[in-house]
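Beneath this line is the structure, given in structure tokens, with notes to follow.
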Amino acid sequence: MSIKVKFVLKTVFCQIVSGWVGFGWIFRLFLYHNHITRKMKFDEDVIVFLILLFSWGECLWELYLSLRQLKIYKTNNTIPNDLREMLNEESFKKARLYGIDKSRFKIVKELYSIILTSVVLYKRWIYVAWQQSEDIAAYFHITPEREILVSCVFMIFVTLFNFVVNMPFTIYGTFVLEQKHGFNKQTAGFFIKDQLKSLLLNFVITLPIISIAIYIIMLGGNMFVVWLWMFTTVATLLLLTIYPSVIAPLFDKFVPLPDGSLRKGIEGLASRLHFPLSQIYIVEGSKRSAHSNAYFSGLFGNKRIVLFDTLLEKFDEEKKITTGCTETEILGVLAHELGHWSCSHIYKSIALTEVNLLLLFTAFGFLFKYSMLYTSLGFPAGQEPIIIGLIVVLQMILAPYNSVLSFFATALSRKFEFEADNFAVSLSYSNELRSALIKLGKDNLDYPIYDKLYSAWYHSHPTLLHRIENIRNQITNEKKD
């Protein structure tokens, strides 16, 4: 067995151990639900205990990973050899200190979240929120029998609650953590407007989707799982289609890339690959953050390429340094991005997401009618709102499944990133991509050294050092061929 396989198995095993009680319960409940209903009348407190047991197990596992990474931040002061030519001691130290601050912030936020979750479940606040929603609905002459409308009120109530209780961390992360390390560019007014737009957009998108989903579950009969899956598939594709032209411009200003050598280079690269390019935009991301990025959007034809203005090479008057990438390096970055298109990574990800949704909805169809799931949250016998069933089953009961699936999805994402890098190398952009990755890591204060377990669990992209090593190996292999 290879070292990589052993490492993956070790990581998965640790996660399964942290949630073995939840897995055992779900497995029995799913496969032997009739037998359990007759023989094992779960006490409501036991159900809450099992949910919290896995939640705390996962939290402690992630806390352990964060402490491992924090130790690396504190003890590793040596610049890796692959980065010495482009990364100086000052930049490396800044990245290390940024990593320490982010890690500490993450630990505090995770502990706050699990404590809040414990209080919500132990105090049966979900039922309290439902009661409050019924009272608010009654004020507008909406009776409890109109479950869809009451569910919308409930979602608004819960969303606002989460918005408020998480706002201190949002403010601290933006105006203290990011500000301290030179990344935040938002004014207070910009931040408030951005948060309110996000909140309103959340309501505009989620409330109709939730309403239709509940309607399908109520009237879909034995085939509701199929209808629900088909509806969410259409909704997902619709949102992905309208995001670039409708949703994204609500938050950022997009301007066409002016004519010049960079535009000609991008158009030439797209033409060479037969990429259906319709437009090239620069997004003014610098009004929000100093972080940089590039991507393409569009599901079918007429795709657009988007460059953050922070990606373009310029002299930073405040920091007195040159940031961003040269035009050839930007082409190297875009060769990587177009590698995702050439390898059909977007469509593969969508397909896997749809399979996962079908599995989730199938499990929901088996589990959501168990009255004990509702009474465990404080609901009286006979009161079983569908929206509560969706939350309990998909987010709580299936949490172990979601957690392990997330691990494998993260690993698959890293595989896709390597494939996109290899594609750029095959187009002879190896040096440009390598130097661009190092510059972007430097500009974004991305600390290059990570604990293996931490990286395997959290990173959707390979680390900078792994990507550089992979590029070097690809060059060697091409020379051999």
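Positions of Cβ are set from backbone N, Cα and C atoms, glycine also.
Owing to the predicted nature of the structure, the values given are computational and were not obtained by experimental measurement.
The DSSP secondary structure for GLU337 (active site) is helix. Within 10 Å of the Cβ of GLU337 (active site) there are 19 other Cβ atoms, across all protein chains. Annotated active site per TrEMBL: GLU337, in sequence order.
The local packing around ASP421 (active site, proton donor), expressed as other Cβ atoms within 10 Å of its Cβ over all shown chains, amounts to 27. If you look up TrEMBL, you'll see ASP421 marked as active site, proton donor.
Feature annotation from TrEMBL assigns Zn(2+) binding site to HIS336, HIS340, GLU417.
Sequence annotations record features per position, and here TrEMBL assigns domain 'CAAX prenyl protease 1 N-terminal' to 69-253.
Per TrEMBL, domain 'Peptidase M48' is recorded for 257-473.
Taken from TrEMBL, the feature transmembrane segment applies to 7-27 (among others).
Taken from TrEMBL, the feature transmembrane segment covers 47-65 (among others).
Taken from TrEMBL, the feature transmembrane segment covers 111-128 (among others).
As annotated by TrEMBL, transmembrane segment applies to 148-177 (among others).
Per TrEMBL, the feature transmembrane segment maps to 198-218 (among others). Same-chain residues lying 6+ beyond the ends of the transmembrane segment (198-218) with a Cβ under 8 Å from its Cβ atoms: 147-148, 151-152, 155-156, 159-160, 163, 224, 227-228, 231-232, 235, 239, 247, 250-251, 386-387, 390.
Long-range contacts of the transmembrane segment (224-243) within the same chain, counting only residues at least 6 positions beyond its ends with a Cβ under 8 Å from a Cβ of the stretch, are 205, 209, 212-213, 216-217, 297, 299-300, 350, 353-354, 357-358, 361-362, 364-365. TrEMBL lists 224-243 (among others) with the feature transmembrane segment.
Positions annotated as transmembrane segment by TrEMBL: 355-374 (among others). Within its own chain, the transmembrane segment (355-374) is flanked in space by residues 29-30, 33, 37, 41-42, 44, 47, 224-225, 228-229, 232-233, 381-386, 388-390, 392-394, 397-398, 401, 405, which lie at least six positions past its ends and keep a Cβ under 8 Å from the stretch.
What TrEMBL lists as transmembrane segment is 386-408 (among others).
A sphere of 10 angstroms centred on the C-beta of GLU417 (Zn(2+) binding site) encloses 21 other C-beta atoms. Each of the binding-site residues HIS336, HIS340 was scored by other CB atoms within 10 A of its CB, and the lowest score goes to HIS340. Across the structure, HIS336 (Zn(2+) binding site) and ASP421 (active site, proton donor) place their CA atoms 5 angstrom apart. Annotated pair GLU417 (Zn(2+) binding site) and GLU337 (active site), C-alpha to C-alpha distance, rounded: 9 Å. Each residue contributes its Cα atom, and for GLU337 (active site) and ASP421 (active site, proton donor) those atoms are 9 Å apart.
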